[in-house]
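Listed in TrEMBL:
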COMPBIAS  10-26  compositional bias 'Low complexity'
COMPBIAS  354-367  compositional bias 'Basic and acidic residues'
COMPBIAS  398-418  compositional bias 'Basic and acidic residues'
REGION    1-31  region 'Disordered'
REGION    352-418  region 'Disordered'
TRANSMEM  38-60  transmembrane segment
TRANSMEM  80-98  transmembrane segment
TRANSMEM  105-126  transmembrane segment
TRANSMEM  204-229  transmembrane segment
TRANSMEM  263-282  transmembrane segment
TRANSMEM  294-317  transmembrane segment
TRANSMEM  323-341  transmembrane segment
Amino acid sequence: MDSTLSEPHNGSGPAESPAAPSAANGTARPPSTPEGIALAYGSLLLMALLPIFFGALRSVRCARSKNASDMPETITSRDAARFPIIASCTLLGLYLFFKIFSQEYINLLLSMYFFVLGILALSHTISPIMNKFFPANFPNKQYQLLFTQGSGENKEEIVNYEFDSKDLVCLTLSSIIGVWYLLRKHWIANNLFGLAFSLNGVELLHLNNVSTGCILLGGLFVYDIFWVFGTNVMVTVAKSFEAPIKLVFPQDLLEKGLEADNFAMLGLGDVVIPGIFIALLLRFDISLKKNTHTYFYTSFVAYIFGLGLTIFIMHVFKHAQPALLYLVPACIGFPLLVALAKGEVTEMFSYEETNDKEKEPASECKEGTPISSSSSSSSTPSETEKKEQEIWGSRGTPEQRRQLQAERRRGGRAEARA
């Protein structure tokens with residue numbers, strides 16, 4: 001996932017250097033107006049804030065949900081330490097692909113891939129909003145898409161997706177946006193998919209504690225600086241990659257309207273990575289049970305400050321900037337200073353999100369039903385529960401967590417039939 005804030009470029013191909021002529025005849029591209037620049041950067045800032053704010057709020061509900069399609073993916077410290085290495089290999093691989101193979105065919109393949117992902121992400125994003133507009137007598141039928149492998153005790157779930165008629169309506173609307181993006185590659189369709197990806201990432205990717213968040217942000221802090229300042233790899237991939245992995249806004253919108261093509265862009269990594277840390281701090285705020293969201297609002301303001309500083313420096317020096325260079329110190333430093341002032345540093349770093357899951361019984365009530373603290377704290381963990389705790393903790397692998405989730409879902413369905 002690209003993580004950079006870049007100077008304007010034409011969405012149809014790689015950009016020239018900001019100081020270079022843009023046409024073969026030597027004529028330079030007409031400079032953007034101050035109003036156009038302000039509108040573009042202000043819009044990018046707003047588009048970055050929306051998925052972080054609403055994704056963080058939805059992550060609280062997601063953490064309490066037992067719906068199979070809403071189960072969050074927990075990032076452990078081991079995952080966080082490996083992520084910059086995996087991201088670097090992926091980024092370099094894409095760069096080499098663009099250098100070796102035809103950019104047209106690569107983007108065609110990627111467009112089809114993100115077409116499917118974008119429809120699913122957008123459908124999941126708008127579903128809670130659309131549910132408010134359906135009439136009470138709407139015929140809502142339940143469906144389940146289930147793929148398994150093996151048989152008997154060795155049967156393992158590959159895909160288990162539950163949906164209803166309302167979800168199908170949302171899927172149809174999202175498909176219309178998807179076809180529009182696939183045929184036109186319009187920047188508005190790109191942004192709708194990009195916002196959906198960002199909001200889903202903040203909602204469904206959960207850090208298990210603040211230390212893991214610091215490891216992840218610290219590793220990507222180095223990753224971002226190296227690939228933007230040390231090489232031209234990230235900027236080249238971001239400008240060649242015709243997929244909704246970035247938010248874009250035209251600086252010539254006032255002159256050309258919706259057909260504008262001189263874009264400033266922001267990588268989704270600059271939204272999702274700080275966003276999942278900000279969402280963690282919101283859940284930490286709630287765990288303190290003080291009816292305040294101090295750390296969430298502090299980190300949210302820190303993000304605004306960091307991204308605003310990125311835009312300012314990029315505009316002054318006329319060079320693409322690694323946004324995490326400014327976002328990481330702000331998003332970690334501001335909440336840490338607040339914790340120091342309030343004497344809550346120990347509570348912040350001892351907060352472990354997996355503890356709530358470890359204490360929950362294997363079978364749950366309806367989605368969103370809270371578990372009483374007295375019943376969970378009075379029971380002694382069995383051997384099975386201890387093993388589940390290890391799987392949800394840093395010792396468990398993603399495959400073990402998926403298998404455990406599948407077992408819990410099968411147990412819940414067996415109880416519902418009984």
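Using the three backbone atoms N, Cα and C, a Cβ is placed for every residue, glycine included.
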When counting Cβ pairs under 8 Å to the transmembrane segment (263-282), the leader among 38-60, 80-98, 204-229, 294-317, 323-341: 38-60
Any contact, the transmembrane segment (80-98) to the transmembrane segment (323-341), with at least 3 Cβ pairs under 8 A: no
Long-range neighbours of the transmembrane segment (204-229), counting only residues six or more past its ends (CB under 8 A): 3-4, 59, 62-63, 70, 72-77, 79-81, 83-84, 87-88, 91, 235, 269, 272-274, 276-277, 279-281, 284, 320-325, 328-329, 331-332, 348-349, 351-354, 393-394
Same-chain residues near the transmembrane segment (294-317), Cβ under 8 Å, at least 6 residues beyond its ends: 5-7, 37, 41, 44-45, 48-49, 52-53, 56, 270, 274, 277-278, 281-282, 284-285, 323, 325-331, 333-335, 338-339, 342, 348
